[in-house]
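Features of the protein shown, as given by Swiss-Prot:
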- D8, H10, H42: divalent metal cation binding site (BINDING)
- 8-10, 34-35, 56-58, 61-65, 100-106, 132-135, F139: 4-CDP-2-C-methyl-D-erythritol 2-phosphate binding site (BINDING)
- H34: site 'Transition state stabilizer' (SITE)
- T133: site 'Transition state stabilizer' (SITE)
Amino acid sequence: MRIGMGYDVHKLVENRDLILGGVKIPYEKGLLGHSDADVLLHAIMDSLLGAAALGDIGKYFPDTDPKYKGADSIKLLEFVGELLNKNNYKISNIDATIIAQRPKMAPHIPTMRENIAKALNIDLDKINVKATTEEGLGFTGTGEGISSQSICLLIK
């Protein structure tokens, strides 16, 4: 068994869609990034790659490569899932947290979980997504950005 941990953060800006867990969430701002800036999926991918000792998302999807400009992170997650399969890893579970003052994430979490399960071709009960605020503290608490953390367990 192998444990992996992932973290990602992006700044909130105007004129961008807010996409988390592959879900477009209605909000006046979105996350700034080279791809769709889906911090949840990016943290999950980093935890999976880390557990398998396969590097991180920057190795496979560099922000200097124009082909990843505006990339759909669900497609990137599918690639990571295929890479794990090729290396004989099975996902035991994923537990992820979104840290954001606003908007409320609870209504969107079931769809996020479904998207992740489908992209990785695993059962829904292997994925947990939760959200919290930082009670107005720090950059996420003041609404400047959103971050996400993920931990996973892989079996070979």
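Cβ coordinates are placed from backbone N, Cα and C, and glycine is handled just like the others.
Structural mapping of features recorded in Swiss-Prot.
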{"residue": "D8", "record": "divalent metal cation binding site", "contacts (Cβ under 8 Å, 6+ apart)": "V39, L40, H42, A43, D46, S147, S148"}
{"residue": "H10", "record": "divalent metal cation binding site", "contacts (Cβ under 8 Å, 6+ apart)": "L31, L32, G33, A37, V39, G145, I146, S147"}
{"residue": "H34", "record": "site 'Transition state stabilizer'", "contacts (Cβ under 8 Å, 6+ apart)": "D63, Y68, K69, G70, A71"}
{"residue": "F61", "record": "4-CDP-2-C-methyl-D-erythritol 2-phosphate binding site", "contacts (Cβ under 8 Å, 6+ apart)": "S35, Y68, A71, L76"}
{"residue": "D65", "record": "4-CDP-2-C-methyl-D-erythritol 2-phosphate binding site", "contacts (Cβ under 8 Å, 6+ apart)": "none"}
{"residue": "P103", "record": "4-CDP-2-C-methyl-D-erythritol 2-phosphate binding site", "contacts (Cβ under 8 Å, 6+ apart)": "L18, I25, P26, Y27"}
{"residue": "T132", "record": "4-CDP-2-C-methyl-D-erythritol 2-phosphate binding site", "contacts (Cβ under 8 Å, 6+ apart)": "T97, I98, I99"}
{"residue": "T133", "record": "site 'Transition state stabilizer'", "contacts (Cβ under 8 Å, 6+ apart)": "I99, A100, Q101, T140, G141"}
{"residue": "F139", "record": "4-CDP-2-C-methyl-D-erythritol 2-phosphate binding site", "contacts (Cβ under 8 Å, 6+ apart)": "V9, G145"}
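Excluding D8, H10, H42 themselves, the residues of that chain whose CB lies within 8 A of the CB mean position for the divalent metal cation site are, in sequence, V9, L31, G33, A37, D38, V39, L40, A43, S147, S148. Around the Cβ of H42 (divalent metal cation binding site), a 10 Å sphere holds 28 further Cβ atoms from the protein chains shown.
A simple way to gauge crowding: the CB of S35 (4-CDP-2-C-methyl-D-erythritol 2-phosphate binding site) has 21 other CB atoms within 10 angstroms, across all the protein chains here. Reduced to three states, the DSSP call for F139 (4-CDP-2-C-methyl-D-erythritol 2-phosphate binding site) is helix.
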